[in-house]
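Visitor: This is the structure I have questions about; it appears just below.
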């Protein structure tokens, strides 16, 4: 049994454009204002103002920041840009997570921190954005330009005269690094960094010396040149050969299926993937980290393919198929449920953003995923067998038993009520943990956003990501599902949500510990100190801004809280603490946890 299909994920990103947001919609780079319409006064032609203008022209209108002595002057000049809003965060980690969430909705995000103490604090969030193929611009206020090349020891360092420690850390989690410590090439370095982030759909690092941000320079007073990203093109002969080989393979199959993966977004191929589904009639499934990339109301949609923890009847159809197209998959230990997928390489067509591998046959390079799917959809033979088989075996899910009056709330009952809240005007943010599995079961209506961080899986990510996503998409009401353990990591930026008038509904799942860790390997370290979470949020609120909190233990209290949050408190940040039993978890987490535990505990190979 070969479970390693599609694991060749080490190629560089290949999209020629900014990352598209959730549900496969397209985020475009904001067009620069025509140069004839812009007059830049020399006093405004500072390095800081130039950087601010270029961020706006790239599509960033909100920057998440934490002040520090090396970036204060730079922050002044960013604030002076009328089209740029500076959002102060409580810590650098959350600023990075917020930029991550912002990029998921808007297509590009940015954060500003100070040298080393800020840079190394935000590094974890930047690594997560790198793993998720998000264009994120991390700006650091750096040392005075006169201190480079000297033997001086500065504060915020590890006590050595070498200032490159921060840069070396960022080199592994960004696709480009710019150290701006002189004015002559600052214009070129900044533009190269931002355009590289957009082109590669990965984070970049820009360090700006603290004494340069306020200085004008003639290169910054020029008419702005729009960012121009030449579109990448497929090799026509290679594309034709790949389509021919794929058609030959698929047309021999009896019951082929399609499975979408997380790289559909970075490849800008969500719409083309749906076109192929329409033309082929194949059963259509999505990997968990691609949920929301295609419309779940598609007539041939059969759910989430996640091996042993797939939605009902989905894995049976996928794994029994004699041909499967995997579009942009990432097969890691989490997505493969401890490497237990029952897939065979000889049955798989693996389509990555820039190449196609047909079963055990050839790999075709220099081919864009979207071009491949569109050409294939024009010529593929329609075959609905797999979907018809799914339709035959499908049994609608039974509704959870209604809780008796004053009976403790159950998690499956809770999500029955969450389902009713979803619409095109909502978005779901799911924290690492049991929320992954419970939110996967939600049926997303058209236009409903959905995000979670599966590849990196950093607990606490969702607080900052919720802040950033809500700031980028004020037209949507974000529903965030956060476990108590994760919430304790990053709770501070509830404050920033309130300062910015956000109207998110946060469901705090209070079950007394790190539930996902418990199911992988239990121990006393997975038990956490219980907090008065509603009291904490009330204290953060402190009478400033619009905030409403509730603590629910029973179904009737949950229904009442949801009603209040969606009616009279619809313009408030709403925080609903849901008390659940510590062992009330999804059956999918129980299965997944045991398989991941087995994968983690494999003995060393013999030497």
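Each residue, glycine too, has its Cβ placed from N, Cα and C.
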Visitor: Do you know which of 484, 538, 571 Swiss-Prot groups with 511, 513 in the Mg(2+) site?
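Guide: Record check against Swiss-Prot: Mg(2+) site with 511, 513, extra candidate from 484, 538, 571 is 484.
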Visitor: Given that Swiss-Prot annotates 156, 517 as binding substrate, state which candidate in 62, 69, 76 belongs to that site as well.
Guide: 69
Visitor: So what's the average pLDDT for the region 'Thiamine pyrophosphate binding' (434-516)?
Guide: 96
Visitor: Just how many other Cβ atoms lie inside 10 Å of the Cβ on residue 517 (substrate binding site)?
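Guide: Neighbour count, Cβ to Cβ under the 10 Å cut-off: 16.
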Visitor: Give the distance between the Cα atoms of residue 513 (Mg(2+) binding site) and residue 156 (substrate binding site), rounded to the nearest whole Å.
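Guide: About 35 Å separates the two Cα atoms.
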Visitor: An 8 Å radius from the center of the 484, 511, 513 Cβ atoms defines the neighbourhood of the Mg(2+) site; name the other residues of that chain inside it, in order.
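Guide: Other same-chain residues near the Mg(2+) site: 483, 485, 509, 510, 512, 514, 515, 528, 582.
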Visitor: Return the residues near residue 511 (Mg(2+) binding site) by Cβ distance under 8 Å, restricted to its own chain and a separation of at least 6 in sequence.
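Guide: The list for residue 511 (Mg(2+) binding site) reads 483, 484, 580, 581, 582, 584, 585, given in order along the sequence.
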Visitor: Once near-sequence residues are set aside, which residues in the chain of residue 69 (substrate binding site), 6 or more away, have Cβ atoms under 8 Å from its Cβ?
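Guide: Listed in sequence order: 114, 141, 210.
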